[in-house]
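J.: From Swiss-Prot, for reference:
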ACT_SITE  Ser201  active site, nucleophile
ACT_SITE  His254  active site
TRANSMEM  94-114  transmembrane segment
TRANSMEM  142-162  transmembrane segment
TRANSMEM  169-189  transmembrane segment
TRANSMEM  192-212  transmembrane segment
TRANSMEM  229-249  transmembrane segment
TRANSMEM  250-270  transmembrane segment
Amino acid sequence: MLMITSFANPRVVQAFVDYMATQGVILTIQQHNQSDVWLADESQAERVRAELARFLENPADPRYLAASWQAGHTGSGLHYRRYPFFAALRERAGPVTWVVMIACVVVFIAMQILGDQEVMLWLAWPFDPTLKFEFWRYFTHALMHFSLMHILFNLLWWWYLGGAVEKRLGSGKLIVITLISALLSGYVQQKFSGPWFGGLSGVVYALMGYVWLRGERDPQSGIYLQRGLIIFALIWIVAGWFDLFGMSMANGAHIAGLAVGLAMAFVDSLNARKRK
């Protein structure tokens, strides 16, 4: 699959896709922040891009409208929903994204009811040698959050970045990034502060690093992160390291997570180039 272009206007993208269908080229539309056009048969990429250039010069050409009539797509392509916020949540998040979000919320509620310490006894990084074979602990520390702001901040980024990775690269890729970054960021953080920590931020930083570098080195992957946001992430790490806001931050997890994401993106982008 090759992403050809993105359109902000669904009417325009549908007209182009319908026209190409009349020319024997099948394109698909994926709705994210914009309407992304994907081509399954990459051997036709040059032809599609040439036609796209002609289309952009005059999208109102009668032949494009005629193609839409022929395909039966004369509507706006817009679907108005009563609850656009929840529709946006659903469209961007795949099953793994949802499972992790729900797990974090359930654990957060349990911590409010039972207390932080009680839940940490079951989910925290192994704090005693006898617990080292309770393998879930190397990952479940990422599900624990200690304030409403903590969980909201992490889940917003998880939904935004994790959802993009899952939608574009598949659930398997998101699972691999999540497990590796949770394990390694947790290992580094326990070296910094001991086993009593929690939060999804190590995984979030891994996703930030991955999405940014993969988008820079492999634009055809269809994922990207604005450079301003990765700069924000670096500033936040520096602020946490020097305790500029007086907040307790898992600095080791943040740095390790970012490094893991960058490393995985570098390897994946190299592999993508070799396949071309």
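Don't overthink the numbers, they just go from 1 along the chain as shown.
Including glycine, each Cβ sits where the backbone N, Cα and C put it.
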J.: What whole-number Å value do you get for the CA-CA distance of His254 (active site) and Ser201 (active site, nucleophile)?
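T.: Rounded to a whole number, the Cα-Cα distance is 6 Å.
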J.: Let me know how many other Cβ atoms fall within 10 Å of the Cβ of the residue listed as 'active site'.
T.: 26
J.: I'd like the Cβ neighbour count for the residue listed as 'active site, nucleophile', meaning other Cβ atoms within 10 Å of its Cβ, all protein chains included.
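T.: Cβ-Cβ neighbours of the residue listed as 'active site, nucleophile' within 10 Å number 26.
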